[in-house]
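Q: Structure provided below as C-alpha cells; questions to follow.
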Amino acid sequence: MENKNVIQKMREKTPLIHCITNYVTINDCANILLSFGASPAMCEAYDEVYDFVSISSALYINLGTLTKEQETAAVLASISAKNHNVPVVIDPVGCPAIKRKVEVINRMAEVGRIDIIKGNIGEIKFLAGMDSETRGVDSLDNGENALDACTQLAKKYNCIVAATGEKDFVSDGKRGSVIKNGTEMLTKVTGAGCMLGALCAATCANFEDKLVSTTAAILSMNIAGEKAYEKAQLPGSFRIALIDNIYMISDEEIWERGNVEWK
C-alpha cells in the first residue's frame, strides 16, 4: 500500500479545489477546505467552469440543490476534468428523491470523468440498484450490504465509492475499507456530509491511491468530530470545534486513532 502521508502531501501542495456545490453548505465547504490546508474556489457559472477546472487540482460536484445552470456547469466541468486530467468527486445528495440527479451522474460518466462517488448509505445503495431507506436527503438505512453496494457501484463507474453512516464503507471494486470512528453529533450539523465530500477532493488531488486518500478523508472528519465532541456537546459550538480540529488533524493521528478494517 502506498505511503499513507495523505494529509502531509495535500498540505505541501495546497491544492486548488473547484467546488460546484449546494447553497445550503457552500460556506461550510469553503471553510473546512481552508482549515484542512486546501484552497477552495466556489465557481459555478457555466461559461467559466471549463477554463477554471483546467487550473484546478480537483473538482468537487455536490448535487444537493441542483439547478439547471448548475447541471450545465457540472457536465462542462466534468468534460474539462477529463481533458485536463483533474480528479472529480461527486456527492449525489438526495438522488433517491430526485431521479434527475441520476441522469446527471450518468451524463458526467459518459462525457467526462468520475473518480470518487461519496454519498450516504441510502444514496449509494439506491445508485447500486439495491433496496434502501431514505427520507429526503437523509439515509434511514442500517448499513446492511453497504460494502457490497460500494463494490458494485465502483465496478459500474470504474471509480472509488464511499458510503457513510454509523459505519463508513469505501471500495474501489476490488479492495475496501470499513471505518468505525465518528460521533452521532455529526448528524446534528447540516452539511457534515457535504464537507466530507470536499475533504475527499482535497485528499485525492495529489495522492495516487484514491482508496487510501478517501479513507483518510473520512477518518479526518470522523476523528475531528470525536475530538470536537469532547469539548463541545451542543450543535453550534460543535460545528466550530469541528473546523478547529480539522485544522489540527494529522496523518499520525488518523492512522493511530483510526478504527479501520481493510478488506
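Glycine too: its Cβ is placed from the backbone N, Cα and C atoms.
Pasting the relevant annotations from Swiss-Prot:
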type    : residues       : note
BINDING : Met42, Gly191  : substrate binding site
BINDING : Lys118, Thr164 : ATP binding site
Q: Would you mind reading off the Cα separation of Met42 (substrate binding site) from Thr164 (ATP binding site), to the nearest angstrom?
A: 24
Q: Give me the non-local Cβ neighbours of Lys118 (ATP binding site): same chain, 6+ apart in sequence, Cβ-Cβ under 8 Å, ordered along the sequence.
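A: The answer is Val89, Ile90, Asp91, Val161, Ala162, Thr164, Gly193, Leu196, Gly197, Cys200, Thr214.
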Q: Taking DSSP as the reference, which of helix, strand or coil describes Gly191 (substrate binding site)?
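A: Note: Gly191 (substrate binding site) is coil by DSSP, not helix or strand.
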Q: Determine the Cβ neighbour count for Thr164 (ATP binding site): the number of other Cβ atoms within 10 Å of its Cβ.
A: 27
Q: Near the Cβ of Met42 (substrate binding site), how many other Cβ atoms are there if near means within 10 Å?
A: 15
Q: Give the sequence-ordered list of residues that share a chain with Gly191 (substrate binding site), lie 6 or more positions from it, and have CB atoms under 8 Å from its CB.
A: Val24, Thr25, Asp28, Cys29
